[in-house]
Amino acid sequence: MQHAIIAIITLFATLALGWLVGSQCSLNVRQSVVKSLSTIVLLLLLSMGMDFAEVLTQGGLGGAIMLHALLLSGLITLFTGALLLRKPAAIDNDHPLPSLLSAFGSCLKAIAAFIAGVTLGYFTHFSLSTVGLSSNSVLYVMLFCVGVDLVGFRFGRVTRQCASVPVTAILGYILAAGLFSLLTPFSWQQSLMLGSGLGWFSLSGPMIHQLAGAQMGALAFMTDFLRELLSIVFLYFLGRRQPLAAVGLSGAAAMDSALPFIKQNCDAYYIPYAIFSGLLLTLAAPFLISLTVALC
């Protein structure tokens with residue numbers, strides 16, 4: 001419990017420091033910092049690949065992690081999507097869909113960075129710990145940049161429908177964790193922990209790795225990563241018809257990595273929904289991770 005409390009205080013302090021520094025910087029400086037986020041995330045994925053190489057390359061264990069991650073991410077997608085389904089929205093045919101390949105472009109980069117890390121770790125047995133660092137070092141740099149990015153967010157009046165999206169996303173994750181615990185050897189508390197990143201894979205992987213071990217960290221990371229891939233598929237094919245479900249399925253990523261896909265595949269009316277939901281889930285994720293780790 002003490003480690004979880006220290007972790008969440010450190011994470012929120014890093015976010016707050018980023019926000020404070022960002023609030024004193026010019027718009028150009030903030031934009032430069034935010035642009036660096038994608039590179040930092042790729043570096044984090046590379047380091048996480050090295051950290052998880054031993055676990056993921058252990059034959060049966062690596063396969064079990066992938067299967068369990070696919071099951072949990074699928075259940076979260078199913079429950080969240082079902083809870084947020086509404087009457088299909090009208091489609092504006094004047095704006096054609098982007099290619100599926102372009103939609104997955106950033107995900108392919110993320111996959112490549114992670115696989116490169118696993119490969120490097122497997123063949124060289126190198127890890128950042130050998131030079132006094134860890135994936136958490138990169139994580140804190142990323143969180144500082146996220147804090148800087150939060151300076152630019154402004155909201156108008158938050159409607160009940162807007163507020164219901166992140167609340168429903170959390171409810172869907174809790175229900176999915178319950179069913180997952182019945183179908184697998186994991187307890188309900190462990191299942192809650194594995195989905196507690198709320199789609200923020202670059203946070204859940206290293207944080208749960210630090211608090212609960214490499215196997216749980218790898219499973220949490222893969223769950224959130226596969227969840228993002230599933231949300232992009234949903235956005236591409238059903239985002240225009242079911243925008244609320246699309247925003248909810250994106251989880252914490254709705255305010256950053258998934259936002260371009262939401263802009264392309266949903267009506268502009270739902271962009272504030274995405275930013276509000278993503279921000280709320282982004283702030284909730286570190287707390288949920290720490291809480292669920294303490295419950296295990």
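Here the Cβ of each residue, glycine as well, is placed from N, Cα and C on the backbone.
Using a Cβ-Cβ cut-off under 8 Å and counting only residues 6 or more beyond its ends in the same chain, the transmembrane segment (6-22) has close neighbours at 30, 33, 140, 143-151, 207, 210-211, 286-287, 289-290. The transmembrane segment feature in TrEMBL is assigned to 6-22 (among others).
The transmembrane segment annotation in TrEMBL covers 34-53 (among others). Outside the transmembrane segment (34-53) by six or more residues, the chain places 106, 109-110, 113-122, 126-128, 134-135, 138-139, 141-142, 145-146, 148-149, 202, 205-206, 209, 214, 217-218, 221, 256-257 with a CB less than 8 A from a CB of the stretch.
According to TrEMBL, the transmembrane segment annotation covers 65-85 (among others).
Among the features that TrEMBL reports, transmembrane segment is placed at 97-125 (among others).
What TrEMBL lists as transmembrane segment is 137-155 (among others).
TrEMBL lists 167-188 (among others) with the feature transmembrane segment.
Annotation source TrEMBL lists transmembrane segment at 208-237 (among others).
The transmembrane segment annotation in TrEMBL covers 268-295 (among others).
Through the fold, the transmembrane segment (208-237) approaches residues 3-4, 7, 48, 51-52, 54-56, 61, 65-66, 68-70, 72-74, 76-77, 81, 97, 100, 103-104, 107, 110, 114, 134-136, 190, 193-201, 245-246, 249-251, 253, 257-258, 261-262, 265-266, 289-290, 293, 296 of its own chain, all at least 6 residues removed from its boundaries and within a Cβ separation under 8 Å.
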